[in-house]
Amino acid sequence: MTTNLLDFDLDGLAAFCERLGEKRFRATQLFRWIHQRGASDFDQMSDLAKSLREKLRGCAHVAGLQAISEHVSADGTVKWLFDVGDGNAVETVFIPEDDRGTLCISSQAGCAVGCRFCSTGHQGFSRNLTTGEILAQLWYAEHALRQRRGDGERVISNVVMMGMGEPLQNYAALVPALRVMLDDHGYGLSRRRVTVSTSGVVPMMDRLAQDCPVALAVSLHAPNDVLRDNLVPLNRKYPLHELLAACRRYLDHAPRDFITFEYCMLEGVNDQPEHARQLIDLVGRKAADGGVSCKFNLIPFNPFPASGLRRSPPAAVTAFAQLLSDAGIVTTVRKTRGDDIDAACGQLAGDVKDRTRVNERMAKLRTIEIKPVI
């Protein structure tokens with residue numbers, strides 16, 4: 001069995017090359033070919049010695065993921081469904097905007113956290129993705145979009161680990177992938193432009209702060225433990241006082257001077273003025289008094305079958321945002337993107353609900369021609 005080079009950060013690739021009797025600079029050349037130029041054929045790598053290319057052909061490969069479907073929303077959002085084997089699929093979403101291109105990447109097939117408002121959580125958990133499978137989503141999207149655009153310029157400027165799965169429950173694979181994204185010989189993204197979203201895995205938040213601090217988003221969704229226990233079951237293990245303390249510790253290392261709190265607006269559940277006032281009391285104090293330097297991103301709920309939940313009316317969202325803003329908390333309302341192709345926040349299970357349906361859907365989708373990006 002040969003080794004997939006997408007599984008390595010630069011240090012890992014250097015160690016691999018050294019085992020082949022090669023110098024570290026060869027790893028840097030190889031790394032650039034893979035991540036900056038999107039090469040998977042060693043014969044394309046013209047500045048590598050022929051002897052090294054022959055060695056690589058015998059022991060290594062560059063294996064991306066098979067895109068078994070691609071859908072383009074009316075707003076330009078692109079969603080890919082990738083086959084990760086054994087009846088599992090993950091979804092990746094590209095969101096184009098005037099000043100940036102953001103890729104939303106999955107870290108797990110399914111999710112074990114089970115948030116009530118998230119369709120992916122209702123799918124259940126299948127397995128962690130490997131480092132190579134996490135990076136393959138970026139590798140595929142960047143080079144496919146760049147090739148189709150035709151000018152060779154970078155397309156993806158921001159990465160958010162907000163797809164399927166809880167990234168911090170796949171820590172061993174996540175951190176090497178983040179390092180490749182940040183490496184100047186890889187994708188060269190700024191730490192401020194790479195965001196890890198977590199539902200609040202407190203010990204791993206502390207480790208990430210030490211190992212690879214990038215921008216952090218926390219799925220908050222409730223202003224008190226009673227409600228959050230119901231919406232985000234992980235809160236029963238790491239309640240709000242522990243979560244906020246971890247956020248304050250993270251800010252000592254973070255590339256941004258604030259934490260983004262994500263808050264899914266659910267009609268009659270967490271969208272009342274009293275909930276906003278509780279949030280202000282929870283985070284709006286000075287850090288020494290238990291507050292957190294933060295901004296809020298209010299997310300309209302994207303309904304899915306059997307959720308039993310409804311999207312908050314626009315007027316309720318506006319009033320909620322105004323209360324937070326009046327208290328001096330920077331607050332935005334997320335624009336819903338890609339909901340016509342089930343690519344919006346919380347929809348990333350699509351209609352993939354269990355392993356049987358995954359297999360049935362893959363068999364069907366492999367007969368469908370992939371649509372071009374426009």
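Please read every residue number as a count from 1 along the shown chain.
Glycine too: its Cβ is placed from the backbone N, Cα and C atoms.
Around the Cβ of Glu91 (active site, proton acceptor), 25 further Cβ atoms fall within 10 Å across all displayed protein chains. The active site, proton acceptor annotation in Swiss-Prot covers Glu91.
Residues or ranges marked as active site, S-methylcysteine intermediate in Swiss-Prot (evidence: sequence analysis): Cys345.
Cys118 ([4Fe-4S] cluster binding site) is surrounded by 27 other CB atoms, counting those within 10 A of its CB over all protein chains shown. Annotated [4Fe-4S] cluster binding site per Swiss-Prot: Cys111, Cys115, Cys118, in sequence order.
Around the Cβ of Asn302 (S-adenosyl-L-methionine binding site), the number of neighbouring Cβ atoms within 10 Å comes to 22. Look at Swiss-Prot and you will find Gly165, Glu166, Ser197, Ser219, Leu220, His221, Asn302 tagged as S-adenosyl-L-methionine binding site, backed by sequence analysis.
Marked as disulfide bond by Swiss-Prot: Cys104-Cys345. Cβ neighbour count for Cys104 (disulfide bond): 27 (other Cβ atoms within 10 Å of its Cβ, all protein chains included).
As annotated by Swiss-Prot, domain 'Radical SAM core' applies to 97-340.
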Site of maximum Cβ density within 10 Å, from binding-site residues Cys111, Cys115, Leu220: Leu220
Cβ contacts of Glu166 (S-adenosyl-L-methionine binding site) (under 8 Å, same chain, 6 or more positions away): Ser107, Gln108, Cys111, Ala112, Val113, Thr198, Ser199, Val201, Leu234
Rounded Cα-Cα span from Glu91 (active site, proton acceptor) to His221 (S-adenosyl-L-methionine binding site), Å: 23
Among Ser197, Ser219, which are binding-site residues, the residue with the most C-beta atoms within 10 angstroms of its C-beta: Ser219
Cβ-Cβ neighbours of His221 (S-adenosyl-L-methionine binding site) (radius 10 Å): 24
